[in-house]
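Visitor: Sharing the features that Swiss-Prot gives for it:
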| type | residues | note |
| --- | --- | --- |
| ACT_SITE | Asp466 | active site, proton donor/acceptor |
| ACT_SITE | Glu670 | active site, proton donor/acceptor |
| BINDING | Asp105, Asp107, Asn109, Gln111, Asp116 | Ca(2+) binding site |
| COMPBIAS | 1-15 | compositional bias 'Polar residues' |
| COMPBIAS | 64-78 | compositional bias 'Basic and acidic residues' |
| REGION | 1-42 | region 'Disordered' |
| REGION | 64-88 | region 'Disordered' |
Amino acid sequence: MDDSALPSNTSNGINGRTAHRRSSSGGDPFQHPDIYYGNPESVERIKNRRRAFSSSLKSFNRQDFHEMLGDRNTRRGSMDPTSGNPRKFLIDVDATLHSLLEREDSDRNMQITIEDVGPKVFSLGTAASHGYNRFDVRGTYMLSNLLQELTIAKDYGRKQIVLDEERLSENPVSRLSRLIKNSFWNSLTRRIDGRNIEVAGRDPKDWTDDPRPRIYVPPGAPEQLEYYRRIAEEKPELRLDVQELAAEITPEYVRDLNEKPGLLALAMEEKYDEKTGKTDFAGVPFVVPGGRFNELYGWDSYMESLGLLASNRVDLAKAMVINFCFCIKHYGKILNANRSYYLTRSQPPFLTDMALRVYDRIQNEPGAMDFLRHAILAAIKEYYSVWMAEPRLDPVSGLSRYRSPGIGVPPETEASHFLHLLTPYAEKHGMEFKEFVQAYNYGKVKEPELDEYFMHDRAVRESGHDTSYRLERVCGNLATVDLNSLLYKYEVDIARVIRVYFKDKLEIPVEFRTPATKDIQSESSSVWDRRARRRKMRMDTYLWDEEKGMYFDYDTVKQERTNYESATTLWAMWAGLVTPRQASAMITKALPRFEEFGGIVSGTEESRGAVGLNRPTRQWDYPYGWAPQQMLAWTGFARYGYQEEAERLAYKWLYMITKAFVDFNGVVVEKYDVTRPIDPHRVDAEYGNQGVDFKGAPREGFGWVNASYVYGLEMLNAHQRRALGAVTPWETYSKAVSAQGSDTVLENRSE
């Protein structure tokens, strides 16, 4: 970060300010853009005030100022003198935006970053002088904030604005937190109903000849089927294709649906429409990850819920639990995402913890107990029908695997993605590439090696860790640390809920039973307690390595433990399944293997192995770090009393995000290279990085990174948050605290 990137007042207070200051126009300088840029009255007030000046004063227009001041870089001494009062700038949006980009955006990417070689100083006219007096805005951070504010003002159609200097010099921790809470969550929120089905129903991964909005409605929701058919009739221009799903979902059926891929319906609620005066259906909202991920995703939603709760958006977190329960009830599982080609594929299960966290915030509201009951019943059904059933359950070890059933090439990727893999098989059968893919998908040619490959490929995608050398070509055989830690948490949570909230007996309605549990009319806590104890015993037997102080995945086919060191070993601490002795071993032996400059890395460099042209980097391997690994680790460390470790690692992760945010025009991305101090958002592995490619201003960040930021701030004390606001590296902060502590000890001794 360049020396002038941050203004001198950014570290003032925990949030950069002790309270929101009222601007001279009577408004909060940190208002939401809907309010701040939604009303042009502030500019009119400035103009009216000027008209009230003595008529003996010479009248100046904007061209006069340009002729007087020109475009020269004026000395700081010739600018508006420093004032104790917050400045406001009177700005012509289009002209200023054009001039700013011409001067400062040297690489012409519509962003102002530390890599641009402009003068890093830009003069603005003050509102108090009607633009006559000028003031320099200096440094990458303030200039990029100016670009962002002008871009947003232009989005709102504003030609002129009065802009608070405080909005440019705002403490970066406060600014990013505010953007996440007030803007990013809203930008990432979706509903599926007639008002937006045209956009939501379209799929960029629809490779068919006739891509069109299409929605599949489960047979158990006839009211939705009627609703969407009505929408299709009322709006024929949408070309909306409404289909009812079959009652039985098989791999063959899902394969056939790939010819007509579509959106899967989610939960709806009845709402009164003030415009029509009638009650109609509205989609229950959900938060999407961002970028090209525009559906309800499985474990992304849990991670996002942690941030939503930290942002006091309990309504959205609750709504996503409701959507998950709908998915389990009608589709049999929490889906990878709500698209037809994901019908046989799930994702890491977090429903019980998610529901309990939401319940803790709504427990005094009407219907809270019904909400908890419904969520736990759904989790029990998912546990039995998905994770404790074939093909995911390994009957020998008693542990579970990611092993999604399916047929053929995964349709969400273009077939050309597997060109290198499939071409030799096509040549073997004397077929063109597309012809072979079609023949293979429909069983006209048999290739057991490909069957094995795609079984593991689907498993990797179900694990959420796509892709990693830890899982490649073997995932479907692995009883992984992460999945079995999550299922242990399910077992413990379900036992506690039944015991504490339902008097140790939870009645199971017929719709929440599975073929294997059709005769189980109620559940008791003791059964689930025993399951948790058995799972821990099996994990300690098959997965725990005493010498290395960590858990490893277990290959159920080879019947041996793997040796890939993965940060998922720390999920066991999050789940609470380790003993205090094991926790101590993980902190002293395992954690140092994963701790890097920017937090926890997905896996060790040694485990990943050499990479190069013929063995490219995978995004879930070293040197990349992901928000889920960080949040679960912090929570696990704090759970076992390792608060210092939790704070240190949270600080490192948040510092890395903050520094990229300050230096690179407000960027917030899907994943980071936790070994790169300068530009950690630069990730070239596989699919690139979501959240990088924006023009002028970031609109949404990325779901689980947004969550990790506001959730992580809750881990830090006030002193750490102030240091973070000054973009202080952990090492500098730690040394300062240690030195301060040493001085205090010496002072006490001298007394």
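Every residue gets a Cβ built from N, Cα and C, even glycine.
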Visitor: Tell me the Cβ contacts of Asp107 (Ca(2+) binding site) under 8 Å, same chain only and six or more apart in sequence, or just say none.
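Guide: When sequence neighbours closer than 6 are ignored, Asp107 (Ca(2+) binding site) has Glu115, Asp116 within Cβ distance under 8 Å.
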Visitor: With the cut-off set at 10 Å between Cβ atoms, which of these binding-site residues ends up with the most neighbours? Options: Asn109, Gln111.
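Guide: Compared across Asn109, Gln111, the most Cβ atoms within 10 Å surround Gln111.
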Visitor: Taking only the Cα atoms, work out how far Gln111 (Ca(2+) binding site) lies from Asp466 (active site, proton donor/acceptor), in Å, as a whole number.
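Guide: About 30 Å separates the two Cα atoms.
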Visitor: Looking at the recorded positions listed here (Asp105, Asn109, Glu670), whose Cα lies nearest to that of Asp466 (active site, proton donor/acceptor)?
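Guide: Smallest Cα separation from Asp466 (active site, proton donor/acceptor) among Asp105, Asn109, Glu670: Glu670.
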Visitor: Note down the number of other Cβ atoms within 10 Å of the Cβ of Glu670 (active site, proton donor/acceptor), including every protein chain shown.
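Guide: So the number of other Cβ atoms within 10 Å of Glu670 (active site, proton donor/acceptor) is 25.
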Visitor: Does anything in the same chain, at least 6 positions from Asp105 (Ca(2+) binding site), have a Cβ under 8 Å from its Cβ, and if so what?
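Guide: Looking at Cβ-Cβ distances below 8 Å from Asp105 (Ca(2+) binding site), excluding near sequence neighbours, one finds Gln111, Ile112, Asp116, Gly118, Leu147.
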Visitor: Between Asn109 (Ca(2+) binding site) and Glu670 (active site, proton donor/acceptor), what C-alpha distance do you get in Å?
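Guide: Here the two Cα atoms are 20 Å apart.
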Visitor: Among all the protein chains here, how many other CB atoms are within 10 A of the CB of Asp466 (active site, proton donor/acceptor)?
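Guide: Asp466 (active site, proton donor/acceptor): 21 neighbouring Cβ atoms within 10 Å.
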Visitor: Provide the number of Cβ atoms within 10 Å of the Cβ of Asp116 (Ca(2+) binding site), excluding the reference atom itself.
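Guide: Result for Asp116 (Ca(2+) binding site): 20 other Cβ atoms within 10 Å.
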Visitor: In the same chain, outside Asp105, Asp107, Asn109, Gln111, Asp116, whose C-beta lies within 8 angstroms of the Cβ mean position for the Ca(2+) site?
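Guide: Near the Ca(2+) site, the remaining chain residues are Glu104, Ser106, Arg108, Met110, Ile112, Thr113, Glu115, Asn665.
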